[in-house]
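K.L.:
Per Swiss-Prot, the features are:
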type     : residues : note
ACT_SITE : Arg173   : active site
ACT_SITE : Ser249   : active site, proton donor
ACT_SITE : Glu345   : active site
DOMAIN   : 24-197   : domain 'FAD-binding PCMH-type'
Amino acid sequence: MPMPLDDSTLSLLPDHPLAAHNTFGIAATARFAARITHASQFEALHRDPRVAHLPQLVLGGGSNVVFTRDFDGVVLLDEIAGRRVVREDDDAWYVEAGGGENWHAFVAWTLEHGMAGLENLALIPGTVGAAPIQNIGAYGLEMKAYFDSLVAVELATGCSERFDAARCAFGYRDSFFKREGRGRFAIVSVTFRLPKQWVPRLGYADVTRELDARGIAPDAATARDVFDAVVAIRRAKLPDPLVLGNAGSFFKNPVIDAAQFDALRARAPEVVSYPQPDGQVKLAAGWLIDRCGWKGRALGAAAVHDRQALVLVNRGGATGADVLALARAIQADVQTQFGVELEAEPVCL
């Protein structure tokens, strides 16, 4: 699919409802919304006197946001499409995708075209443009491992810039765009470097167990096998946002130093943990939440999912305030019981 042709026409949608634009399904209204299908429309927005002075929010799949109030500004609905191989060499393909492309569909497309690497990240909700902001990751792989570069528009000027990995400053579920660049840029396209020599990432027991259940030995697994296994695992563990509103994993897995981990393990020997290369230890946030008795519990119309404690859900009619109150209650209990601070992944507005 080619990248879209230039079209700087901009249509503003006043008093636009946002429930269909966030995976929690939370009701909120934007003063204006604009559907963005080409980068040139950002420059048009910058020149438009109706909205140039207003706060702006770029929204892709809405899988990483919790609206706690109406948005008194313009929501930019990123619908920039397109997927293509921009070049290849002896070692890799360089694949570009528009910021508004569905992430899971893009991963599936790369595999269908014989380009492996992203399969561990299958079925993560959201868009391609949101992936670098969060440095999405799952089952032993972070997006940054295959990231090459991206093009972003600075909202204040309408000018495009290219960012390499160093400039993006990726961290664990983190990047420049969540820190210094937060709210300043819209990601137009992302380019990935997918090596022609595929190396499977099978360090997570869930994946190898699923492969085994399918009669596939890990050393014989193809990229498609891993993709199918990850999809099956996620569908079994995580609710479909179209059925039960949610934003996937609500909390980051906390990373603590060795001394804090030793103290924690002395109190809770069964704590689920993952040693990190730098000597720190990553904890399973879902395990901490479950041990505090939150799995399946609710506050108002917001609840903790009954199969995955890391997921908060909208049981119907929940407000952003309901979700935020539930998240804060969980954070307080985990801090009290384990001395560990949980950080929310979604942005609360």
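Including glycine, each Cβ sits where the backbone N, Cα and C put it.
For each feature listed, report its degree of burial, its nearest neighbours and the pertinent distances within the displayed model.
P.N.:
The number of other Cβ atoms within 10 Å of the Cβ belonging to Arg173 (active site), over all protein chains shown, comes to 19.
Summarising the environment of Ser249 (active site, proton donor), the number of other Cβ atoms within 10 Å of its Cβ, over all protein chains shown, is 20.
In the shown protein chains, 21 other C-beta atoms lie within 10 A of the C-beta of Glu345 (active site).
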